[in-house]
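Copied from Swiss-Prot, the annotated features are:
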type: BINDING; residues: GLY11, PRO12, THR13, ALA14, SER15, GLY16, LYS17, GLY18, THR19; note: ATP binding site
Amino acid sequence: MSLPPVIAIDGPTASGKGTVASLVAEKLGFHYLDSGALYRLVALASEKQGIDVKNGQELGLLVPKLLISFKNSQIFLNGENVTDAIRVESIGLRASALAVHPEIRSALVGLQRSFRQSPGLVADGRDTASVIFPDAILKVFLTATAAARAGRRYKQLIAKGISAKLEDLLQDLQERDARDSSRGVAPLLVADGAKVLETSDLSIDQAVKTVLDWY
């Protein structure tokens, strides 16, 4: 019995991969997995429990205890709606810091693969194309310049009423890019066979259409 098809979309922080992936899933009637949210959920849960971000072993043991669910673009952790709580910049930074631990990445692999259900799945996030779903029917690496990504993140935060400085966001993204590209476990890279989509000058609709055309 063949497994349901997977479209895997990867890329650097704030490249728009989440927005594009969720819209592609909606258009195709597929399930959607925001794997980056899983790391943010671990970041939030570990912060609440006072676990040191450097303690990979304890963080890895925490993962199987978490009850995680996605419902109508809302994200729940142990029954609590944490959709907004995990999008706070401090949680994003914490998630990036704890993602370097192999214990966490291996603990999350099985959880991510469990989202592969009929009629199909669009998965976005780090190493979805290279590690989690290497047999994905379509692999896309979504990218944009750091300046373009910082500008988008700035607009998102301001629209939500969250104060932010463009210079700080740009510096944060550049630091995160460097950390994500150089880490020993699952560094940020273009997976074998992936199509690269440069979105600096594309609208969301144009990016979605391109992915659908490739599929």
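Backbone N, Cα and C atoms are what each Cβ position is placed from, and that goes for glycine too.
Features per Swiss-Prot, on structure.
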residue: GLY11; record: ATP binding site; Cβ within 10 Å: 27
residue: THR13; record: ATP binding site; Cβ within 10 Å: 21
residue: SER15; record: ATP binding site; Cβ within 10 Å: 26
residue: LYS17; record: ATP binding site; Cβ within 10 Å: 27
residue: THR19; record: ATP binding site; Cβ within 10 Å: 16
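Sequence-ordered, the extra residues of this chain that approach the ATP site, with Cβ no more than 8 Å from the Cβ center of GLY11, PRO12, THR13, ALA14, SER15, GLY16, LYS17, GLY18, THR19, are VAL20, ASP124, LEU142, ALA144, ARG149. Under the DSSP three-state reduction, THR19 (ATP binding site) is assigned to helix.
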